[in-house]
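Take a look at the structure set out below.
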């Protein structure tokens, strides 16, 4: 009667179980992971946690390679050399059953080791992830650990029949570490083609209003990796042929930015096994240095571009178009911030600037009834109303500073969330037949709420101070960076409106903001 595969597997499993490596290495890994978890929780700085987690997972996979190689040698080499298989051969067993039994035994130890990795991940990475993310990462490590274990185990088993045990164990370990590190180095020196395109978009040209060769303005919608481009100047509704050719050439040249890394990541299995934990497809070493992305100067860039993607040039963005009355005809058009498109480096803060071309780029405002000589203003009680108390210009740079500030974004988010909670009901909106009246009312409510908010001295936005932001600098008016308190409040309102545009695309509140009560939208 021949010995079955499972009986031989059971014999080999219990025999190998008594070897010290079978229990000492798993126990050590779990205990060490517990200590690492405390280090991550209480010692490692928050900005280094992602890098630390990635490197520790890499260490766990290296330990997996070591454990797998040891178990493979125990099963395929030691049983034969120690003569223990003679006991099993007292009854006949086919060569196929013998090999399958060894493989099954190797797999059982792989399952046990995967469980060890799962526990190790739970007790070491809890400071890095929320519970659901921690659970998913641990399950991923369990699966990747099992694949790594079986892959290395089989290679070691094959090598052990021709080489000594030390060499058979060393080759997979050295290759795994070497090939993984090569991939990390390539990743750290690779950039997305979108970032490379950003390099060409930032090429300086001081004789263009935008200060770049393309004469364009670039921006992101918050939490998206889609770069949007518009021609500079409100009179320019689309890019000209020369600009389009420049963009096409920039994309063409940039498409090779990640070719080497992409090719290597496809052929290097060890690097694939560790790189699945690089969830953002970023260089893990970027955290230890300052960011030098070519896209960082564009408003609402959140470092979401991915080196594994090839970003393409698309003529029409997948964004909502709005019905606009143009030349007495309704046409569908994109809507984007006029202050951004009118941005210029050539204009002056002086409203009396004689450069007509520059003045046409500024957003000019005036106080209500400023053109009526019979209207009295508060300033008239003290002295003659200065021109810059009544009219002025708005600059994109000041609003850009604010939109890039985390604290302002938190303040604006609370304001917008409160307004939505109090005034917008999606079911009511869907059931409303007269959408025109609905948006007219919503527009009036929003403008009224913004006005009350910025005129309330106790509001959160009026109690925020930051000398690095012109709008929130207490000395801005004294230092003539801002002409008057009225201009400052107008900047606050403009910043809130721009926040809604960049953070609430295709939303009801944005449609309400853009709705012109005269049934048209001014572009």
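Glycine is treated like the rest: Cβ placed from N, Cα and C.
For the transmembrane segment (23-44), the residues of the chain that approach it from at least six positions outside its boundaries are 17, 52-53, 56, 60, 63, 66-67, 70, 112-113, 116-117, 119-121, 123-128, judged by C-beta separation under 8 angstroms. The feature transmembrane segment is assigned by TrEMBL to 23-44 (among others).
Residues or ranges marked as transmembrane segment by TrEMBL: 51-70 (among others).
As annotated by TrEMBL, transmembrane segment applies to 106-127 (among others). Only residues 6 or more beyond the boundaries of the transmembrane segment (106-127), in the same chain, are considered here, and those with a CB under 8 A from a CB of the stretch are 9, 13, 16, 22, 26, 29-30, 33-34, 36-37, 40-41, 44, 49, 53, 56-57, 60, 64, 67-68, 71-72, 75, 134-135, 137-139, 141-143, 145-146, 149-150, 153, 157.
Marked as transmembrane segment by TrEMBL: 139-161 (among others). Long-range contacts of the transmembrane segment (139-161) within the same chain, counting only residues at least 6 positions beyond its ends with a Cβ under 8 Å from a Cβ of the stretch, are 57, 60-61, 64-65, 67-69, 71-73, 75-77, 102, 106-107, 109-111, 113-115, 117-118, 120-121, 167-169, 171-172, 176, 269, 273, 276-277.
If you look up TrEMBL, you'll see 167-186 (among others) marked as transmembrane segment.
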